[in-house]
Structure formats: C-alpha cells, structure tokens
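Heads up, the thing below is written out as structure tokens.
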C-alpha cells in the first residue's frame, strides 16, 4: 500500500511539473508571436510557405519544452528585424548563423529615359501628396514602372523608367512587333486576293518569330488548317505547346482538339478534356462550345443537360450581342455526300442567274427579295461578297414600303449600339405594350421560322427559365446550340468546302474535324464522307473506317438519315467493326420508322428476303419493298426488279414445297379418265395432226397470178468507142438465153 501511494504521488508530481512547463512555454510563444507581428512581416510573408512555417513553429515549441529555461528568451533577439522572424527560427539550431539576407542594402534601380536618365531612384519619393517606397505605375496609362530621382517629384519633376537597357530593348522590340502585327492584320481584313493573303501570312510568320503571342496563335492555326501556309501539324503543335505554357486559351483549346482527334499526338480524350477545360476557363468561346456539345451528347463525359446549357448559354450570349437585327449571316451547310449523289444540285450556292432573278424582283418592289439581298450583301456568303452600300440600298427600298424590320435594319446600319434593348426586352418587360408572354412566344416563333438568330436566342431564354412555357432544358439547349452555330466561326464551313474543291483534302478534313468537335452535324458527316472515300493522307488506311464510323454515329445522333443508313451499311459489311447483321437491322429500322427512308425500307426488305439478322419472311420482304416504292419514286425501278426476283423465288419455293413427283405418283389416271384414256388421247392427237396437214395443203393450192413483165429502162447513151463492145455483149447474151425457156420458167414459178 505504501508503494502504491508513493507511485501515485510521483506520477502526480510529474504531471503537474509537465503541465507547468507547457504553460510557461505557451506564454513565451505568445510573447514571441506578439513581438514578431509587425506590418513588415505581413507584407513580406510568402503565402506559398505557410504550411512549412506552421510545421516549423510546432517543431520549435516542442523542442523548447524539453530544454532548459535559459533557451526560452533566445528569439527575443530577432525583434529588431520582424521581417526575418521566421527565418531566424528556421536557423536557430545552427552553430554559426550568417547575417540575414534582408539586412543588406536594397539595390536601387537606375532610371532609363525620362528627365533624369542614368540617375538612381530615391525612396521614398513624394508624388501627388503620397509617399512611394518602390517603383509605381500610378499616373501612367501604359502600365510602365517609374520612380522619382528626388524626394519631391511634384516640385522638381525628376523621374525616369525603372528598367534596364535590356528591358528597354525588349520593350521596344515588343512594341515594334505589335505595330507590324496590327498592320498585317488590317491588310488581311481589307484584301480578298488569295495571292496577297499568302504574302501577308509570310510577313505574319516573321512577326510570330519575334515572340508576338497573337501572331503565333494566328500562324499556328494557319499551319494546322493549311490556310495560306503549307499545312504542318507537327510545327503547329509545337507552337501551341509553347503558347499553352504562356497561358494562351486559344492554344489550350487547339491542343485539346489535337488530342481529341489524334493529330500529331496519340489520341487521349482525358487530355483533350483537360485542355478544353483550361481553354474555357480562359474565356475561349470555341472551348465552351465544344464542352457544351460533349455534355449534351455524352462524348467523353457523363451526359448532363444542365452542364451543356451552361456552356451553350454563355456562347449564345456573346453571339447574340454580336448579331445585328438582320438575323446574322447565313450558314451554308453543304454536305459532300449529297453533292456526289446529286451532281446537278446547286449545293447551297446561289447561281448568278438566280441572283439576277432576285435583283429583278427587288427592283419591281418585292419586299422579301429586297430584305434577302440586303442581308446577303451585308454579311456576304453564298457566292456574294460583302457590299455595305448595296445592302444599304436594298434596306432603304424595303423601309420605304413600310417594312418594320427593314427600318430596324436601316437604323442598325446607321447606328449600331450593342447595349440597345432587343425585341425580346421590349416585349418581355412590357415596355410600350402590355406584358403578354404568349404573344411574345408567338412572335418569336414566327421570327424563328425566317431564321432570325435573336428569335432563336429569345426562345431559348424562355425555355431555359420557364417563362411563358414549361421549362425544358433539352429544348433550350437545342435552341442555344442553333444560335452558337451561327457565330463567326461558322465561316470555316465554307473555307473547308473551298479547300476540298481545290483538292486540298487534308486541309479540308482538319477544318471539318474541328467543326465536328464543336457539334456541327454537317461537318461530322463531311468528315465521315472524306474518310469513307479514303481521300485523307494524314491518317493510315487502318484508321479511316473506324474514324468514319465514329463520325457517322455522331451525325446520326443529330438526326441525319443518310448517316443512320451508313451505320447499318458499316455493320452489314463489317467496315471499321465486326459484321453484325442484327445491329444493321436496328439502324435500318430506326431510319425507316423515324425518318421514313426508302433506302432503309429496301434494305430491310432484302434482309427479310435473305434472313440476315432477322427471321426470313418473303411476305414481310414484299411489304418493305412496296413501302420503299411508295416512299420514293426513285426506288420504283429497283423495287420492281427485286419483286420480280422475289416472285421467281416464291414460285420455285412453292413448287419445291408442292413435291410434284410424289403428287404424280399418287394420281391414278385409270380412275380419273377411265380404263381406255390412252385411246382417247391418241385420237385427239391424230385429229390435231390431220388438221395441221390439211391447213398446210390448202396453203400450197393457192395460185398466184403471174405479174406482167416490167419493161427494162433504156440504157444511157454510150460514147462511140464503147458501142461496138456493148453490142457484142448484147449479142452474146442473146445467144445464150432463150426467150421461150425464160417464159416457161416464169409460168412454173
């Protein structure tokens, strides 16, 4: 019992002693912290080393708890240099501590330029009643650092730039490169000749070599697409990687595209998503549009309508703010497959005769023709160059006839105010009219039928917020997507088409690939068509069909009927995938039921006829053949041939099922026709034979009356030297031919 009491007392003594030591050290640490909490410490503290500093402080306090009390006041020596408090703690265990680096005199910059070139800065200096202890940009609009070389700048005006000669030289080179870039960019915007644009891009390449970021971006994209520069994906990738390190959102988006398409790098959807995200965070609208399409279709990410709505709405806001009340430029959606299958079609291009026809209607007072030609000349496209003067001419003509939108067009051309309220704002908020959401929805629908971009945008806003209609995320996304596809980047559709027409297939393919990433269905089908025709050289032969299958799938998901049929064909023949008749039947059935495709119906009839991927049924085959003939007049000829073949097959199958040999063996003619049926048959045959013989004899007994001889025409007169010879020939003929024998022979005949 005594031993236990002693042990308990000892433990209590150690416990209270330890608690006292910790309490004393805590007070010491608090005093040290208060002593080092100066304003200079906060201003020089590095936030990146905060975690390290916390661990260090805890380690020092823990070490002090087991040392003697004489070591506690040691940090008090650092109170004279509060900015070095943490560094003093970090080095307190060293035997020979070097002097703090911060105690060295601060290097004073020497000014360059200004009114005191070559003189050192004076800190602090007084500027507009305020003291400055470092170089500042206050008072300048160009962001350049400066300082005063005397204390009172307001009185003595002694100053200069805080930069070295090297920094000044770099700044001058950057300013020179910026000036050259702006000059080349202006010339590119005003010229339309291809040869001149090539020369300007060569100049732009030299500006990019000086490190100008915007010039590098433009040149890198030109090399990627083959625009006025030789296509070089590898060089473009190197430039994009350099720009991405510098934080260029355009370059980050481009790298995302390269990884998504597998151009110059191994395909990686994860890296593509990372670069797209960084590009979108940097404000790149193309990256937002790509992410919107990916979330909408579930491409590489989980499908999310709300996420797609967020990205598409952001892009649509910018597009709507850039679009005038004309409804925006017309997007020319030319499908290469349709152009090949229908060579006589105009492929979305207006012919010169058609333009002249519209001009004739406009001169006669047709308002729609005037508005259409005004929009065409205002924005360009469809084979017509931009001409604001002609656009203004047609909008005056339309406004004079009382067309309200024409007056808005005219006002927009005279004064463009992006902050002016839209038609949606006027009607939605009831300015000037009574608020009526149903009427607003009605007019927006009418305007959207004419292709007005702002009408699509306003409808999307109403469906996204549930204003006047039931909220529908899916409908809002589709409308916002339509608006986004009318942005300025839609012009690349015609650029890619022009490259394809000029034989630059690889350049066209890369441009269509980027547009397909943005969600353009036409671009997706054109990429698949180029790969299907094996016209691309940037991909190996083994990659063409799988990539084409991928883009046919994306185009089919957006409702393109031909793409859905192509998917069935690829699974039927095993292009880019294994042969799968059942999957082919599924795609053909979708195209038949949802889009009423005659080709899909015909294919289903053939598969029913052959029993491929589905149960063989000749009746269903005939039904689908008939449906195909009804759906399209072009299918009537192949359907007729298929039905003839089907009828022959059906007859042969019927005869095969009938089994004639067994049927004949089971028939007893004696019971059917009597025991003497063979005599009856022989009699009938004899009567038929006698009839034929009698008919033939009657034909021989018919006498043909002889025809009177036709007098021979008189021979033409001959020259005197030929007459003796002709007479000799006639005499010889008279001696050899007897007239009586000739008459007898004629009578016999």
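Any Cβ shown, glycine's included, is placed from N, Cα and C.
Sequence annotations record features per position, and here TrEMBL assigns signal peptide to 1-29.
Taken from TrEMBL, the feature compositional bias 'Basic and acidic residues' applies to 31-47 (among others).
As annotated by TrEMBL, region 'Disordered' applies to 31-113 (among others).
Annotated compositional bias 'Basic and acidic residues' per TrEMBL: 71-82 (among others), in sequence order.
Among the features that TrEMBL reports, compositional bias 'Acidic residues' is placed at 86-95.
The residues of the domain 'Fibronectin type-II' (116-164), classed with DSSP into helix (H, G, I), strand (E, B) and coil, number 4 helix, 15 strand, 30 coil. What TrEMBL records for 116-164 is domain 'Fibronectin type-II'.
Counting every protein chain shown, the number of other Cβ atoms lying within 10 Å of the Cβ of residue 147 (disulfide bond) is 27. Feature annotation from TrEMBL assigns disulfide bond to 121-147 (among others).
There are 20 other CB atoms within 10 A of the CB of residue 162 (disulfide bond), with all protein chains counted. The annotation disulfide bond is assigned in TrEMBL to 135-162 (among others).
The feature region 'Disordered' is assigned by TrEMBL to 704-749 (among others).
Per TrEMBL, the feature compositional bias 'Pro residues' maps to 705-722.
All protein chains considered, the CB of residue 135 (disulfide bond) has 18 other CB atoms within 10 Å. Looking at residue 135 (disulfide bond) and residue 147 (disulfide bond), their Cα atoms lie 5 Å from each other. Neighbour list (residue 121 (disulfide bond), Cβ cut-off 8 Å, at least 6 residues apart, same chain): 108, 109, 110, 111, 135, 147, 148, 149, 160, 162. Taking the domain 'Fibronectin type-II' (116-164) as a whole, pLDDT averages 88 in the prediction.
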